[in-house]
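Enquirer: A single structure is presented below for examination.
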Amino acid sequence: MLRGICLFLPLVALSGLLGGQLHTELTGVLDDCFCDVESIDVFNNFKIYPRIKRLTEKDYFRYYRVNLKRPCPFWPNDGHCAIKDCHVEPCPESQIPVGIKSGNYNKYSQPADTVSDVTECEQAKNLGAINSTLSNQSKEAFANWEKHDDAQDHFCELDDSEYVDLLLNPERYTGYKGPSAWRVWNSIYEENCFKPRSVYRPLNPLAPSRGGDDDGEGFYTWLEGLCLEKRVFYRLISGLHSSINIHLCAEYLLDEGWGRSIWGPNVQEFRQRFDTAETKGEGTRRLKNLYFLYLIELRALSKVSPYFERAFVNLYTGNRQEDGNTKELLLQFFDEIKTFPMHFDEKSMFAGQKIEAKILKEEFRLHFKNISRIMDCVGCSKCRLWGKLQ
């Protein structure tokens, strides 16, 4: 339920990439809400990020269950990473924490109480490859967690899913780009954002050439004419796109050789994607949509917090002390979220006639689910992993 908590990390990476005119322009109030960029920056960097960083290092958030072998349902998959061995391998279950798969029915039973800490996974031989190492203890734990998960009504399909250690497989540049990547994002935007085909996104590399310097004017005229819900949907997808691109720019392969790779921020790559001049002003909009997505995530976590505040709810991995520390840290995180004064007001969403609102809400759900299926068409396994997670 909380695995997507890593969405809060890009804003910190963003602060290290901004500069010059773009930093000056990324200010002020966001569209469709009453919050400003500056307030989010301060709140995230000083209140949220330190706790998020610690949470993502905990076993409960470290291991992610995902199916990376499902074929693309829409077109032949012909993409690949530019970096060798850019593939995802599942963690060997010998490394998975004992309680990861367990259900409520046996949390902290006698066998679980005596489980030792999980052994750290071995470092991948190639930085571009997904490390699949998991212990036998972890396998056993996931078997129990799976029983609990299978009893739930999942939004995502978990058939043939396997566990991946996210700490050993950080989100970063893989070299996956070009027509294959364009087609994925084009499908996400063109088929799922309530947009007629006669309206083209600014800087869409697959759109027919129309000439003129301002190819975004018609698009934003159309966007502002939509109902709030559909505008929100587009901004969420745009924010997701920005989040992924910022991760790639912040963790870029700067140098490689002699069995050693150097990763770090690539400001030039960031400017190509977000600089005002190079994107005809589109970059600032993209970044503001990331802040908008942040607000939605912040509000969603605020609403779900009462569930986790109940005493009998455990973040179960099989290690009682570790799980207690993880929950305590999570509750501190929720307490910080509640102090934020400018949450997104979801009451303004789906507030029309009941039948129309119900239909629109179902369209939202189906569109998001379809986007998850489109992620199966990403040719790079590591990109697919993080696309699905985000």
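Placement of Cβ uses the backbone N, Cα and C atoms for every residue, glycine included.
Whatever TrEMBL says is automated annotation, not expert-curated.
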Enquirer: Which of these, W182, W185, does TrEMBL say binds FAD at the same site as R172, T174, S238, H241, R273?
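Expert: It is W185, as the record lists it for that site.
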Enquirer: From the list C377, C380, which cysteine is recorded by TrEMBL as disulfide-linked to C383?
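Expert: According to TrEMBL, the disulfide partner of C383 among C377, C380 is C380.
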Enquirer: Out of T174, S238, give me whichever of these binding-site residues has the highest number of other Cβ atoms within 10 Å.
Expert: S238
Enquirer: Tell me which of the recorded positions C86, C380, C383 ends up closest to S238 (FAD binding site) in space, Cα to Cα.
Expert: C383
Enquirer: Measure from the Cα of H241 (FAD binding site) to the Cα of every one of the recorded positions C86, C380, C383, then give the nearest.
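Expert: That would be C383, the closest of C86, C380, C383 to H241 (FAD binding site).
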Enquirer: Could you tally the C-beta atoms, other than its own, that fall within 10 angstroms of the C-beta of R273 (FAD binding site)?
Expert: 20
Enquirer: Taking Cα atoms as reference points, rank the binding-site residues R172, W185, R273 by distance from C86 (disulfide bond) and give the first.
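Expert: Sorting the binding-site residues by distance from C86 (disulfide bond), the top entry is R172.
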